[in-house]
Amino acid sequence: MSDPIKPVIVSGSAPSDRSVNAAAAGDRARPDDDLLRGLNPPQREAVTYRGPALLIVAGAGSGKTSVLTRRIASLLRSREAWPSQILAITFTNKAAGEMRERVGQLVGDVVRGMWISTFHSACVRILRREADQFGFTKNFTIYDSGDSRALVKRLVKEHEADAYGMTPASVQGRISKLKNELADAESFARQANMSDPAERLFAAIFADYQRALQRANAFDFDDLIAQTVYLFRAFPAVADTYRRRFRHILVDEYQDTNHAQYALIHELTRAPGSDAAPTEHGGLMIFDAPSDEPGALLTVVGDSDQSIYAFRGADIRNISEFERDFPGAKVVLLEQNYRSTQNILSAANAVISHNFDRKDKKLWTDVGAGDAIIGFTGYSQHDEAQFVADEIEALHRAGAPYSEMAVFYRTNSQSRALEEIFIRSAVPYKIMGGTKFYERAEIKDAMAYLIAVANPADELSVRRILNKPRRGIGDVTETAIARYAAEEGITFRDALANASALGVGPKIQQAIAQLDAVLAEASEIMLPSSGEIAPPTSVAEGLTLLLNKSGYADALRRSKDPQDEARVENLDELVAVTREFARNNPEGTLLDFLTEVALVSDADDLDDASGSVSLMTMHTAKGLEYDAVFVTGVEEDLIPHRISAGEPGGPQEERRLFYVAITRARKRLHLSLAMTRAQFGEVSVAMPSRFLQEIPHELIDWRQSPGDVNSRGGMQSRALNARRPGGGFGGGGSRYGDDLVPLPRRERPAGDVTKFANRIPAKIRDNGDLELAAGDRIRHDDFGEGRVDMVTGEGAKRVAHVRFDSAGAKKLLIKVAPITKL
DNA sequence: GATGTAGAGCTTTTT
DNA sequence: GCTCTACATC
């Protein structure tokens, strides 16, 4: 990993000014007692300390959100700050929403005046306001990673860069890294080794990419931050307005900030007017921007043990060198954990202590040891999933709500096996951030229609909808339009208005004219040319009009492809989202809607009230907590992930990731793995993760240890060919079965295990309207015969509660379970 | 220009 | 095992 350039800390921050102000502020600070109630001494200090810079080192579960929200409330109550002077930055929209709500509970309605948002949302707000200053307009589009990948892909192809082994993904990743370090195409070209043709090619692609964004009036995710920094540096007067405005800046998850974000914070905390000082005129000060105003007061919260985003440019040094960056900064350490039991914390401490090069920090609690950590080794990923499902059901029967349980995995692909078993076992679940709603093709199409209206310069979006639905506009016509636009010096979008000049057939001319008319009509609804303000419902109206009059909706409805039915439903859902948006944002414009969609990930809108078990990656889990946590796939090559092995600091980051995962658990922690795992269509043997060995064994109660599964000499390969039907495999079948009998505390009967490995059909079956009633006997492919105790639920969600003769009680979704009535 | 089929490549994590 | 792409065919 390349070393990001460490920024020069601006001396203009006038530390003396700051401390004067801090002392004054300290005298005034007398927060109400209720804000400090229930806090331990370090937490109190973190709320009440006043000074230019404060670092709160907050271990997992140490109540940092509580501290942060009370600190904000205390600033307001003591009249040290107006709401509008506060900028609080979090990493995810969900965290921002949560903080807004909790601050609101403390201070009431004035919370509306504060900026509590993610880095990206804050930057969008600034950029929309200032866009005209530097060659953009305020209706710019935000490209998500899919959009920018599409663009990169086209450029890689145009430049034939694949000949040098460049893939769209690698180019995209490299551009993103450079932007996170505030390098642009020019600065890259200056320092690159241009005698290397591959480097020259990359520089050209980078430059083209940036030009394409500019032409499309668009920013990618990384630009949102980097361009804001450039804006501040290029226009000190603009920067000063924000420096004057924000007097208190608070940053959560500081360990995950990258260089660009770090620079942004530094720009914002400089004293207003300080840019003017070091001009070539030396001492000539600009007096309408006096620098006696100090820079904003900075509070950062973080935990270097939870830094898990180095792979995308997060620089751990931002937090580890905070004291050097801000001389005189105060550091407060929060080590008491209010979330987990001591057993869980001991395991977490043991694991993380294997990372050298960290400040020693030990979480502790006074709630007691709690339950042992439960370990389980499955024969296959499905076996493991079945354990998780069974355990969840057992906990649920014992009174634990589903919403208080979560299952974590390292890679998204691991969710499939869990899902399959959960569906069959009728465990209600919800996947966080899996296949995202807004990444579905039909949703992207619909969004492209909206973007084509909002930002006609965005060629990518216009091209996307050109032939969706099919209008007979292919490559040839598309190129003709592009050529015409270039000749006339107009945009691709405007070229559509002149279909007859393109030299294409009459039928196609008509199709183009029709598309142009629909876009124009929708534009009139959502962005009236008369200048009046469109009502918030106009987005829903405009979207409906676009989908109907373009023929898009009709094409799907007419289609015979069964998937298209679901697509129509998804589009209805999108229209519902626009209505919901109108309700929540009475002043919301089309632009506001597009911004929200671009920046809000699916993980953000999770509501825990839904009564489902949450499934997510370990990364998504950060910042969340659950009573019961299942960490699955605790295997070598998965956690730590194989790819991380080659990267400097990789294995350590993986350890922190594992640490984050286990510290999410309040009461119960389950660690599970599988001996074999199918990936790529191939089954391979998995090894227990090294992190398991780092946990003292007395903390883990193994229901089935790796040794139990592995010690029957050479048996693992048997599990691989477990597909054989009922013992017809020489002596192996019965021997295998015999061996299984003495397994401790396993409900599953002998022989059953052999059937489990990878026997799950890829397609979900459909039993149609199979009628079951209490008393019926059924046969299940895996669990054998059993009797139905009762049936609950309705329609497709009817659930049979079955008592199996040998496998015990199970709940099965009747529609999809592999069962037959006897 | 649309549609169907074979083959390659893929899987780290996300605002 | 699945999805996207390229290519062939209509």
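Glycine too: its Cβ is placed from the backbone N, Cα and C atoms.
Around A:Ala60 (ATP binding site), a 10 Å sphere centred on its CB holds 24 further CB atoms from the protein chains shown. Among the features that TrEMBL reports, ATP binding site is placed at A:Ala58, A:Gly59, A:Ala60, A:Gly61, A:Ser62, A:Gly63, A:Lys64, A:Thr65.
Sequence annotations record features per position, and here TrEMBL assigns compositional bias 'Basic and acidic residues' to A:27-36.
The annotation compositional bias 'Gly residues' is assigned in TrEMBL to A:725-735.
What TrEMBL records for A:37-341 is domain 'UvrD-like helicase ATP-binding'.
Per-residue pLDDT, averaged across the domain 'UvrD-like helicase C-terminal' (A:342-623), gives 84. Among the features that TrEMBL reports, domain 'UvrD-like helicase C-terminal' is placed at A:342-623.
Annotated region 'Disordered' per TrEMBL: A:1-40 (among others), in sequence order.
What TrEMBL records for A:723-744 (among others) is region 'Disordered'.
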For the binding-site residues listed here, A:Gly59, A:Gly63, which shows the highest count of neighbouring CB atoms within 10 A?
A:Gly59
Cβ within 8 angstroms of the Cβ centroid of A:Ala58, A:Gly59, A:Ala60, A:Gly61, A:Ser62, A:Gly63, A:Lys64, A:Thr65: which residues besides those meet this for the ATP site?
A:Val67, A:Asp303, A:Leu334, A:Asn337, A:Tyr338, A:Arg339
Around A:Gly61 (ATP binding site), how many other C-beta atoms are within 10 angstroms of its C-beta?
22
Going by DSSP, give the three-state secondary structure for A:Gly59 (ATP binding site).
coil
For A:Ser62 (ATP binding site), just count the other CB atoms lying within 10 A of its CB, please.
25
Test of understanding: give the count of other CB atoms lying within 10 angstroms of the CB of A:Ala58 (ATP binding site).
26
Test of understanding: give the count of other CB atoms lying within 10 angstroms of the CB of A:Thr65 (ATP binding site).
17
